[in-house]
Amino acid sequence: MQALLFLMALLLPSGAGAEEIIGGVESEPHSRPYMAYVNTFRRKGYVAICGGFLITPQFVMTAAHCRGRRMTVTLGAHNVRKRECTQQKIKVEKYILPPNYNVSSKFNDIVLLKLKKQANLTSAVDVVPLPGPSDFAKPGTMCWAAGWGRTGVKKIISHTLREVELKIVGEKACKIFRHYKDSLQICVGSSTKVASVYMGDSGGPLLCAGVAHGIVSSGRGNAKPPAIFTRISPHVPWINRVIKGK
């Protein structure tokens, strides 16, 4: 139930408290040029907010639960409430789900967004490297997450990109969740620290040594760590096939 509440909160309407990084700091403007601000337009004017990240000039990766019929991606943003000259706003042509995405368990919570046109790579817009198929981010590794979500349960949405350093922990810590599989997911965040991802950060990357190893997927409704990230490495063969159009 906690994971469900967290997921629902991740998809709050724009301006109504879509979640943010907890225990982090504001990022240096455009220091994370791969970050994408994803808007999913749903029925009755509802807009869901997620993070994402650019992996090729024409593909953005995010969480599968962030998908929708009409989506727009903003690249090169720091303050999403301003029209920064670095920003590139591009509509999504289509989304591609992995064949084994499980809605109920959130296993394989990953989706590729094909943009209607290629992004123009600049100092503020660039791609991030992915791991190899056998690269397994291990417990004890220190990584970084970033997003525009809330900074706390009762806090308002952040308009500027924020980041937080998080530690990968053992799978035992994520046994509090009904569904967790270490081969497909990463358990992130020490229970002894007030630092985590939260509502609105969903779909954003987990970077370890400059490589995107995970995608923000779900967590606890009270915002306390740990949180669950989708593990990217098992999906690399599928990702490569999609990018190559196979």
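The chain as shown is numbered from 1 upward.
Glycine is no exception: its Cβ is also placed from the backbone N, Cα and C atoms.
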Second cysteine of the disulfide that Swiss-Prot assigns to C143, among C50, C66, C208: C208
Recorded disulfide counterpart of C50 (Swiss-Prot; options C66, C85): C66
From C50, C66, C143, C174, C187, C208, the disulfide-bonded residues whose CA lies within 10 Å of that of D109 (active site, charge relay system): C66
Where C187 (disulfide bond) falls in three-state DSSP terms: strand
Alpha-carbon distance [C50 (disulfide bond); S202 (active site, charge relay system)] in Å: 5
